[in-house]
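Since the structure comes first, as structure tokens, the remarks are kept for the end.
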Amino acid sequence: MPMLLPHPHQHFLKGLLRAPFRCYHFIFHSSTHLGSGIPCAQPFNSLGLHCTKWMLLSDGLKRKLCVQTTLKDHTEGLSDKEQRFVDKLYTGLIQGQRACLAEAITLVESTHSRKKELAQVLLQKVLLYHREQEQSNKGKPLAFRVGLSGPPGAGKSTFIEYFGKMLTERGHKLSVLAVDPSSCTSGGSLLGDKTRMTELSRDMNAYIRPSPTRGTLGGVTRTTNEAILLCEGAGYDIILIETVGVGQSEFAVADMVDMFVLLLPPAGGDELQGIKRGIIEMADLVAVTKSDGDLIVPARRIQAEYVSALKLLRKRSQVWKPKVIRISARSGEGISEMWDKMKDFQDLMLASGELTAKRRKQQKVWMWNLIQESVLEHFRTHPTVREQIPLLEQKVLIGALSPGLAADFLLKAFKSRD
């Protein structure tokens, strides 16, 4: 029995015990109390509505709290100028305008506090549009997300240019999010990936966006998830994320994509020491690159080695076994076959429901990554912590204080804030 009440009185709630109904479902207006003298378990001021269930049980009235998904208007607090700016970006983006997409990604990459707020408003609008489009597509994903990783010199950019041209010629719209490493000293980045894809960068059905890592580990940027969502909102049906190829720890992209592809050069021994169990376990497809000319024989040997190695690894999917193929971006050998295997992977994962479950899990990982980032930002900007950091750093440098004890002092100062 649904009822909408502003503030139910305590006597009204007690009177429900004498009612013949087994269950009432009430929705209350935003407040820190559910009614007179009935405080919430926590204030839900950020929510537009409260949702509370009162179950009439034999042992009396039992309250169950649950959070409604209806949130307050995300545009609350925006000036007219800011609202027009967000609306302009949103309208242009869903119409597929590349300039608006580029500006939107720049907005979400900004570290300015107000721009970050505007970015969240824009992302919420795009997310709602994205959900509507998926529903009209019978619940199927709008885009196929593919992560590419591999050691330096594996030929990732060369492969993407050949592969991307093939896809656009077949009628697909391709977005490439190329991540470039930032300098540890200056913080700068060359962003040279786009210059290595000259043909693809001129293709009107392809969009290449190089972004700096700015120190983010995992081979991706801080806002890669947001950029993926914006590209899908702009109508791109294949999203390629080329990661920083710097070793076995750089596979955070696997938590953002549908399929993780590992590109390996035809080399062995010390040259592949960084490509070990960790990243191999995450790969859905392994491609041995540069399989042409004098490198065909070593490429075949590496392929056989990894076919054997993959048999020993734990099975990650009930419907898909990782494949190892040889490709050449120079001759085109194996590229079409590789795309066929990628489509097979997508079809099998969709049919089994594993892809849907994987994306839901990725949303949870995305949320916790944002929480960690936000908590760290609040920690660094806390007045007491900011004041104590230089003093404690100096004591750690001269050996008067252990790093662990200094960290404990800062955490206690942060937790004891008013």
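Here the Cβ of each residue, glycine as well, is placed from N, Cα and C on the backbone.
Among Asp284, Asp292, Asp294, Asp347, the residue that Swiss-Prot places alongside Gly150, Pro151, Pro152, Gly153, Ala154, Gly155, Lys156, Ser157, Thr158, Ser328, Ala329, Arg330 at the GTP binding site is Asp292. According to DSSP, Ala154 (GTP binding site) sits in a coil region rather than a helix or strand. Remark: of the binding-site residues Thr158, Ser328, the most isolated position is Thr158 (fewest other Cβ atoms within 10 Å of its Cβ).
Taking the Cβ of Arg330 (GTP binding site) as centre and 10 Å as the limit, one finds 14 other Cβ atoms among all the protein chains shown. Max Cα-Cα distance over the annotated GTP binders (Gly150, Pro151, Pro152, Gly153, Ala154, Gly155, Lys156, Ser157, Thr158, Asp292, Ser328, Ala329, Arg330) is 19 Å. Among the listed binding-site residues, namely Gly150, Pro152, the Cβ with the most fellow Cβ atoms inside 10 Å is that of Gly150. Cβ-based neighbour count (10 Å, all protein chains) for Lys156 (GTP binding site) stands at 24.
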